[in-house]
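Database features (Swiss-Prot):
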- MET1, GLU2, HIS3, ASP4, GLU5, ARG6, GLY50, ALA51, PHE87, PRO88, ASP89: ATP binding site (BINDING)
- MET1, SER49, ARG95: Mg(2+) 1 binding site (BINDING)
- 11-144: domain 'Nudix hydrolase' (DOMAIN)
- ARG14: Mg(2+) 3 binding site (BINDING)
- 50-71: motif 'Nudix box' (MOTIF)
- GLU53, GLU65: Mg(2+) 2 binding site (BINDING)
Amino acid sequence: MEHDERTHVPVELRAAGVVLLNERGDILLVQEKGIPGHPEKAGLWHIPSGAVEDGENPQDAAVREACEETGLRVRPVKFLGAYLGRFPDGVLILRHVWLAEPEPGQTLAPAFTDEIAEASFVSREDFAQLYAAGQIRMYQTKLFYADALREKGFPALPV
């Protein structure tokens, strides 16, 4: 099969984020307020993440977004993967995700903005309930959380 431009998917937005676990294996999530043009995001939980700026490396963007949304300086330790998603308006997004660790001696200090309402560590059990209730913004968040738990030697998510 020949490949040309018709076989490639045009990505309109690049994003990057981190999965950050505490000493109990709880995941750090941010609750979104929703942004103009995307009211469907309001109240949903997601990993700290955001757009990759022009000329920016996705890993650097993930670190920057984590700090902007949570107040934590983080260090990426493992690339977990990338996935394509589509917003309800049809925009195709490519998101890169890293497992990260916070630099020592910090406390969670989220910078609440017009996009972020809350930031909190969520237990495996509470995550499972949020996911079942449709309160986790993207199903890939569950997959990356499961990968991070395995990587760090924590028990799996409840079924």
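Cβ from N, Cα, C; glycine included.
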Next item on the list: Measuring C-alpha to C-alpha, could you say which of the binding-site residues ARG14, SER49, GLU53, GLU65, ARG95 are within 10 Å of PHE87 (ATP binding site)?
Entry: none
Margin query: So if I measure Cβ to Cβ from ARG95 (Mg(2+) 1 binding site) and keep only same-chain residues at least 6 apart in sequence, which ones fall under 8 Å?
Written below: ARG14, ALA15, ALA16, GLY17, SER49, ALA82, TYR83, GLY85, GLN140
Notebook entry, point to check: Counting every protein chain present, what is the number of Cβ atoms, excluding its own, within 10 Å of the Cβ of GLU65 (Mg(2+) 2 binding site)?
Noted result: 22
Item checked: Length of the line joining the Cα atoms of GLU53 (Mg(2+) 2 binding site) and ASP89 (ATP binding site), in Å -> 21
Notebook entry, point to check: If you count Cβ atoms within 10 Å of the Cβ of ARG14 (Mg(2+) 3 binding site), leaving out that atom itself, what do you get?
Noted result: 17
Item checked: Cα separation, ASP89 (ATP binding site) to GLU65 (Mg(2+) 2 binding site) (Å, whole number) -> 23
Item checked: Helix, strand and coil counts within the motif 'Nudix box' (50-71) (DSSP) -> 13 helix, 2 strand, 7 coil
